[in-house]
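Here's the structure we're looking at; comments come further down.
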Amino acid sequence: MVIAVYPGTFDPMTRGHEDLVRRASNIFDELVVGVAHSPNKRPFFSLEERIGIAREVLGHYPNVRVEGFSGLLKDFVRNNNARVIVRGLRAVSDFEYEFQMAGMNRYLLPDVETMFLTPSDQYQFISGTFVREIAVLGGDVSKFVFPSVERWLQEKIGKPE
C-alpha cells in the first residue's frame, strides 16, 4: 500500500487543490492532505477552519484523509508512513522553490520521493492569495472555489452571499 502526503496551507482550498487531490487519489492507495499550521504565512483562516474547509471539499474521496500538522513536514510524513510527497507546480515561478524543497526533503527523508503534478489548464493561474484578494475586494470567486468555500470566505469577510 502506497501512502502519499499532499502538504500545503490551503488558505483556502481551491479548485486547483481539489484537481490535484482528485488526480493523486487515483495514483495512490491513500492520500493524506496535510494542512500546515504555517504561522509565518499569517493565514487568513485558522488551522481548524482550513481543516474544516478541506474536509468539506474532499470528504467524498474514500481514500483521502485530511489532517492538520505543525512542525516539520518530515515528521508528518513519517507519522503517516508515507512514501511520497505530492506537490503542485502551477508555473515556472513555482519550480525553483519546489525544487529546493524537494532537495531538502530528500536529504531529510532519503527513502521518500517527491512527485510533482501540474494542474489542469483551467486551474494553472489559481492561487489562494488571488482568491482571498478577489473575495476581500468584493469580486466573484465562484469559478475558483467550491460553493462551500465561497460561503466560508463570505462569513469570514462579513459579506452577505
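Placement of Cβ uses the backbone N, Cα and C atoms for every residue, glycine included.
Copied over from Swiss-Prot, here are the features:
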{"type": "BINDING", "residues": "T9, K41, L73, R87", "note": "substrate binding site"}
{"type": "BINDING", "residues": "T9, F10, H17, G88, L89, R90, E98, Y123, Q124, F125, I126, S127, G128, T129", "note": "ATP binding site"}
{"type": "SITE", "residues": "H17", "note": "site 'Transition state stabilizer'"}
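Locations of recorded Swiss-Prot features on the structure.
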residue: T9; record: substrate binding site; Cβ neighbours (10 Å): 18
residue: H17; record: ATP binding site; Cβ neighbours (10 Å): 25
residue: K41; record: substrate binding site; Cβ neighbours (10 Å): 12
residue: L73; record: substrate binding site; Cβ neighbours (10 Å): 19
residue: R87; record: substrate binding site; Cβ neighbours (10 Å): 20
residue: L89; record: ATP binding site; Cβ neighbours (10 Å): 17
residue: E98; record: ATP binding site; Cβ neighbours (10 Å): 16
residue: Q124; record: ATP binding site; Cβ neighbours (10 Å): 14
residue: I126; record: ATP binding site; Cβ neighbours (10 Å): 20
residue: G128; record: ATP binding site; Cβ neighbours (10 Å): 23
Review point. Looking only at DSSP and grouping its letters into three states, which state does R87 (substrate binding site) belong to?
Key: strand
Practice item. Work out how many Å separate I126 (ATP binding site) and T9 (substrate binding site) at their Cα atoms, rounded off. Key: 14
Review point. Among the binding-site residues T9, K41, L73, R87, which ones place their C-alpha within 10 angstroms of the C-alpha of E98 (ATP binding site)?
Key: R87
Review point. Closest to Q124 (ATP binding site): which of the binding-site residues T9, K41, L73, R87, going by Cα position?
Key: R87
Practice item. List nothing but the largest Cα to Cα distance in Å, as a whole number, among the residues T9, K41, L73, R87 that the record says bind substrate. Key: 18
Practice item. For K41 (substrate binding site), identify the closest of the binding-site residues H17, L89, G128, judging by Cα separation. Key: G128
Review point. Which three-state DSSP class does G128 (ATP binding site) fall into?
Key: helix
Review point. How many Å separate the Cα atoms of L89 (ATP binding site) and T9 (substrate binding site)?
Key: 15
